[in-house]
Amino acid sequence: MELTNREIARYSRQIILPGIGVKGQKRLKASSVLIVGAGGLGCPVSSNLAGAGIGTLGIIDYDNIEITNLHRQLLHSESSIGKSKVESIKNFIANLNSDVKVQTHQVLLNSKNALEIITKYDLVVDASDNVATRYLLNDACVLENKTLISGSALQMEGQMTVYNYKNGPCYRCIFPKPPPPETVQNCGDGGVLGAITGVIGSLQSMEVIKVILDHDDVLAGKLLLYDGASCSFRTIKLRNKRQDCDVCGVTPNITKLIDYEQFCGMAASDKDSGLNILESNERVTVEDYRNYNKDHLLIDVRSANEFEICKLNNAINIPIKRLLADKIDNDLKEEMKEKSVFVVCRRGNDSQLAVRHLNEKLGIRSKDLIGGLHSWTHTIDKDFPIY
Ligand SMILES: Nc1ncnc2c1ncn2[C@@H]1O[C@H](COP(=O)(O)OP(=O)(O)OP(=O)(O)O)[C@@H](O)[C@H]1O
């Protein structure tokens, strides 16, 4: 695979680097990389790899662009809201570097399609945002013998590592069991800054290039932690490959892909509606709440910043962490014991955790507003802010 004069000019500033050269550039050109997720991490990974001249990029994402994506998913634009994320990135790359072949997969990567998609690529980037996809990708990469470059970002922090590289550990070696679903936060719940996804996505791209160039010091068996608030990077050593790992160990139990939602404790009915942990008599619809005209307390368990964005009339803010730690003002606690109590959050997940805690641990009878403020906007007041 030769380089054209145009390619020599285009990539000259990286070809002259000692670790790359013409040979390295040809390797990049001959490579194919699958990027799973066209969001906060997928955008910087795609632009960096397209710019560097990776021959073929596969981009997989089932989702369409929303306005809440634009502060960090910088390859998408206002005019693309409502349109496909993968097509948006394909268009961006066509303008940036028309020599790169882009294969789009506008599907949800799942146990049925993962192996046949992944097998077509040399290596895989995990730019997704959920635990089920992380285990799916890990197992599929082990079964297909592909290196997995994994990143995550939340709030002001991010992490990155390379799994399944030259006899190094896989994701399951480090995390044999998934975390309880109610402890997992995503960007929608916890927030994230675009510069953080930019940093982690760029670091992932760097590792992709190093793996392709067979660089000596790939970040395998180590985890890089980035804290944007203190501008600090830390690398911690991970354990070695686990001999008894369920998927990459000596006698693996997992020899084909499994049901990852079930493995991660997400019931099929939870996929769209989130948590569903309360009895029906502990929940009310937003219409029922709107029609409730007796004296009551409405507790909003979102963070103080979210409460500042918007709130229902007379709502009292007790962020979920404070509530679960029982840090509730004593007078308010007494009042809660005497009155009807309703609990609301953004989408109706944290409010359920709060109601369970209030009912079971503090003996405060309370009810959760099903679907939270999202449901309020959709059913009661379309002018109420949604985020
Ligand atoms: N199994 C999967 N198959 C295909 N795409 C996936 C899969 N899992 C996650 N994704 C995609 O990965 C991307 C992750 O992006 P990001 O973390 O920025 O979150 P988001 O869903 O775009 O935004 P937000 O959480 O703010 O709504 C999303 O576009 C999501 O659709």
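Cβ from N, Cα, C; glycine included.
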Identity of the ATP-site residue among G40, G51, G53 (reference: D61, T68, N69, L70, H71, R72, K85, D129, N130, source: TrEMBL): G40
Among G40, T68, D129, C173, the binding-site residues whose C-beta sits under 6 Å from ligand 1: G40, T68, D129
Other C-beta atoms that fall within 10 angstroms of the C-beta of L70 (ATP binding site): 15
Integer mean pLDDT for the domain 'Rhodanese' (292-385): 96
Pairwise CA distance, R72 (ATP binding site) versus C173 (Zn(2+) binding site), rounded so that it is a whole Å: 31
Residue pair C248 (Zn(2+) binding site), C345 (active site, cysteine persulfide intermediate) - Cα distance, angstrom, rounded: 41
Candidate nearest L70 (ATP binding site) in space, where candidates are the recorded positions C170, C173, C187, C245, C345 and distance is Cα-Cα: C187
